[in-house]
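Input: a single structure, listed below in C-alpha cells.
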Amino acid sequence: MTKTVIYPGTFDPITYGHLDIIERSAVLFPQVLVAVASNPTKKPLFELAERVRLAEESVAHLPNVQVIGFSDLLANVVKERHITAIIRGMRTTMDFEYELQLAHLNRALTDGVESLFLPSTEKWSYVSSTIVREIYLHRGDVSQFVPPPVLTALMEKNR
C-alpha cells in the first residue's frame, strides 16, 4: 500500500505558504492528499468547490498530489482513506500550541495516526489566508502571496 499523507485546511484562499508545505511534502512522501475543508463556523471568501478548484490548479505541477473537498470530521477521512500521517504547517509557537492539541485529538480519533509538523520557510512565515483576505478586502495587492489561479479568481471576484 502506498503511504499517503493528508494536508488538511480551509485554504480560503490557498497561499504560497500552503503551496510551500505541499511541495515539500510531495518530496518527502509518495502521495499527498490536500484536503480542503468545509468549515461551517467560518464565512468563506470562496465556496468549497471553488477552493478545491483553486487548490487543484495551484498543485497541477505536482504529479503525486491530489485534492479533495470534505465536510466530514478529519479523523473519518483519515480512516476511510488509510492515511499514514497528517501534515500540518507551523509558523509560530502559537500555531504549535493549537496544532499540538489537534494532534493529540486526531491521534485518539484515528487509532494512532501521527501528525507531522513542517515549519514554514522564512519567506512565508508571516503569510496566512486570513492576512491575504484582509489585504484583499482592503483593496491591497496580494499577488506576492497567492498562486496565479487564486489571483485571477480574486480579480474576477472584485469586478
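Glycine is treated like the rest: Cβ placed from N, Cα and C.
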(message) Quick check: of LYS42, LYS43, LYS123, which does Swiss-Prot put in the same substrate site as THR10, LEU74, ARG88?
(response) LYS42
(message) Considering Cα atoms only, can you say which of MET90, GLU99, SER125, SER129 is the nearest neighbour of LYS42 (substrate binding site) among these binding-site residues?
(response) SER129
(request) Calculate the distance in Å between the alpha carbons (Cα) of THR10 (ATP binding site) and LEU74 (substrate binding site), and round it to a whole number. (result) 12
(message) Can you give me the Cα-Cα distance between SER125 (ATP binding site) and ARG88 (substrate binding site) in Å, rounded to a whole number?
(response) 13
